[in-house]
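Shown next, in structure tokens, is the structure this report addresses.
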Amino acid sequence: MGRLFVIDLEGLVYSCKYCQTHFAVTNDIISKSFHCKHGRAYLFDNVVNVTVGEKEHRVMITGWHTVADIFCVSCGSLVGWKYEIAYDKSQKYKEGKFILERFKVLGPYGGGYDMNQNEPMTGSDDEE
């Protein structure tokens, strides 16, 4: 097995809740209005320190997408998915972007998943 290179991000970061490996900075959040099986999920423009799994077609609330699960490069935990292809024109903005499930990551202040019932969950995209 090769040497593992992990990128340490500066500033306010989201990290793995199991091993604290950095994934993304708050400035790369596109939307906090998504949700998944475990609750809230955030859409990010850039994510680091993940491996990308096999591409697969999934029917989600917003239609058909080709996605690939993403895993923490350090501990192997499933932490979200990457949008490869969005088949609906209105969903094309998601292509090449990443979902991090809040249940599986620590927030920028070390906090875990928090369920705020007052925030609307529009534009969500879990499987139907």
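Yeah, the Cβs are placed from backbone N, Cα and C, and that goes for glycine too.
Here the structure is a predicted model, which means the values were calculated and not measured.
According to Swiss-Prot, the features are:
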BINDING   Cys16, Cys19, Cys72, Cys75  Zn(2+) binding site
DOMAIN    12-109  domain 'Yippee'
Taking the mean position of the Cβ atoms of Cys16, Cys19, Cys72, Cys75 as the Zn(2+) site, which residues outside that list, in the same chain, have a Cβ no more than 8 Å away, listed in sequence order?
Lys17, Tyr18, Gln20, Thr21, Val73, Ser74, Gly76, Ser77, Val79
Among all the protein chains here, how many other CB atoms are within 10 A of the CB of Cys19 (Zn(2+) binding site)?
14
With every protein chain in view, what's the tally of Cβ atoms within 10 Å of the Cβ of Cys75 (Zn(2+) binding site), excluding that atom itself?
13
Cβ-Cβ under 8 Å from Cys72 (Zn(2+) binding site), same chain, 6 or more residues apart: which ones?
Cys16, Tyr18, Cys19, Thr21, Phe23, Asn49, Val50, Val79
Within the domain 'Yippee' (12-109), what mean pLDDT does the predicted structure show?
95
